[in-house]
Amino acid sequence: MSEELQLHEQGEKIFVSIRLRPLQDKARNRICDWECANNDTIVFKNSLPERSMFPAAYTFDRVFDSESNTIQVYEEGAKHIALSVLEASIFAYGQTSSGKTYTMRGITEYAVSDIYDCIERQEERDFVVKFCAMEIYNEAVRDLLSPDSYPLRVLDDPERGTVVEKLTEVVLRDRDHLHELLTICEAQRQIGETALNETSSRSHQILRLTIESSAREYAGAGNSSILAASVNFVDLAGSERASQTSAAGTRLKEGCHINRSLLTLGTVIRKLSKGRTGHVPYRDSKLTRILQNALGGNARTAIICTMSPERIHVEQSRNTLLFAKCAREVRTNAQVNLIMSDKALVKQLQRELARLEKEMRSLGSASVKGDTAGVLREKEKLIGQ
């Protein structure tokens with residue numbers, strides 16, 4: 001069996017990286033338990049007896065220390081996923097106040113810039129870029145591009161899979177238009193203050209960029225399809241402990257919903273890491289149901305797990321690493337998405353017929369009668385197609 005066929009049957013692993021955030025000013029005197037040994041290994045360096053059961057080292061596809069900037073994280077941990085002409089998803093996962101939103105904001109910005117640079121270089125194809133955005137707040141899905149705050153229904157479509165009903169999708173004019181919409185999403189998203197974070201994200205945010213392209217010139221019926229690719233930028237709310245965040249009332253309710261959906265996400269990842277033999281509880285959470293394709297279907301996926309190095313977060317840091325370890329064993333099977341568009345085919349055929357008719361009018365001499373007959377046959381063949 002060839003190596004390519006084996007890869008297709010086995011699928012592709014999720015690309016998992018770890019980002020260690022710098023110490024905050026108010027935590028400069030705190031003890032740190034984690035350090036990056038090299039580019040793919042993070043080490044637990046504390047030797048306290050009660051931590052003796054912890055593994056000494058964890059290995060991933062890429063590990064970024066506290067000195068790494070966001071563009072480096074994007075270039076080495078997400079760019080190859082974002083620019084694939086496939087279904088792609090990039091996640092930020094980690095405990096509250098570990099730098100997820102900061103990381104995803106930068107990665108989204110760099111990815112959008114690279115995507116538009118690629119589009120501008122492809123002169124032989126026409127592109128349509130669409131954008132939609134949603135958040136999952138207290139297990140309710142809300143459209144971030146709509147002023148209405150009513151919850152949207154999550155439905156199963158036989159062709160498209162899981163879809164969010166009545167979600168606004170905007171056709172973008174240019175990259176500046178997208179930046180305007182990203183600003184609106186940031187303003188609309190639910191945030192709140194906790195003891196650990198003044199601007200804590202209280203919802204999971206999913207931004208989706210869909211790129212459709214078609215050849216400008218007709219190249220045969222077999223090449224008249226539209227290529228469709230999409231990139232999901234997923235900024236998960238952080239797991240949190242009420243004892244650390246001092247959460248009460250609304251904040252406590254939000255934290256419970258966040259932790260419950262992240263627990264379901266962890267369960268799905270663990271099930272998928274062991275293969276697809278048993279039931280995978282995608283439907284136990286709106287988050288996992290919407291992202292089912294990204295987690296175990298037709299997609300290429302990168303997960304960036306962020307960590308706080310302080311000792312007070314050691315339990316949650318370890319949980320983050322265990323999640324990342326399971327995620328690294330999950331395999332997806334990304335394939336190019338082709339949309340057979342009748343309108344696009346008819347349009348291209350009309351262009352080709354117009355070209356052939358122009359050529360026929362220019363053929364006036366008897367010496368080219370044989371060629372004219374060939375052109376007529378080609379025209380009849382195209383009409384038949």
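Cβ coordinates are placed from backbone N, Cα and C, and glycine is handled just like the others.
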Range among 59-86, 227-254, 339-366 that TrEMBL annotates as coiled coil: 339-366
Listed binding-site residues (G94, G99), ranked by Cβ neighbours within 10 Å, top entry: G94
Cβ neighbour count within 10 Å of T101 (ATP binding site): 23
The one of Q95, S98 whose CB sees the fewest other CB atoms within 10 Å, among these binding-site residues: Q95
Spatial neighbours, same chain, of K100 (ATP binding site) - Cβ under 8 Å, 6+ residues apart: A92, Y93, G94, S201, D235, L236, G238, T306
